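What follows is a single structure, written as structure tokens, with notes after it.
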Amino acid sequence: MAGSVNKVIIIGNLGRDPEVRSFQNGGKVVNLRIATSEQWRDRASGERKERTEWHSVAIFDENLARVAEQYLRKGSTVYIEGQLETRKWQDQSGQDRYSTEVVLRPFRSSLTMLGGRGEGAGAGGGMGGGGYEDRGGPDNYDNYGSGPRGGASSGGAPSGGGRRNDLDDEIPF
């Protein structure tokens, strides 16, 4: 294999307010807990089921950390891109412990706030921790790959129509 890719993309909701920790050297890290849920209908009973996964996120990018600290709150919907990293540490009894988390570092990460203005949307850091930008609107994208709503898409193709609300349909296979 010529190379490998370590990229994580999550769209979910914060389970609590961001936790900010400062280092002695003046740097800081912002920790998030993001919930993603999947729903399905049990074939045997017809009952709707749901499973929620909790993801630990550590933001080391200074600009993205500032946006998260100022604007994100419990319940905020966010889109993040980062890398999966596992770190080793020792608990109070000296036992080795491992934590796997999504890490947002400078030049390799992204954070976009989704949802309405009441949730603080409209701010985001671009690729490479590129500061702070106003994305506007309650949803940033109409359809996958069609570009920002109300703006020019990256390609020459026109953007698609509105969202389809047929997520309750069963998969046809």
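Cβ atoms here come from the backbone N, Cα and C positions, even for glycine.
Look at Swiss-Prot and you will find 115-131 (among others) tagged as compositional bias 'Gly residues'.
According to Swiss-Prot, the compositional bias 'Gly residues' annotation covers 147-162 (among others).
Positions annotated as domain 'SSB' by Swiss-Prot: 5-111. Per DSSP, the domain 'SSB' (5-111) is made up of 10 helix, 62 strand, 35 coil.
Per Swiss-Prot, the feature region 'Disordered' maps to 113-173.
Positions annotated as motif 'Important for interaction with partner proteins' by Swiss-Prot: 168-173.
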Between 0 and 100, where does the mean pLDDT of the domain 'SSB' (5-111) sit?
96
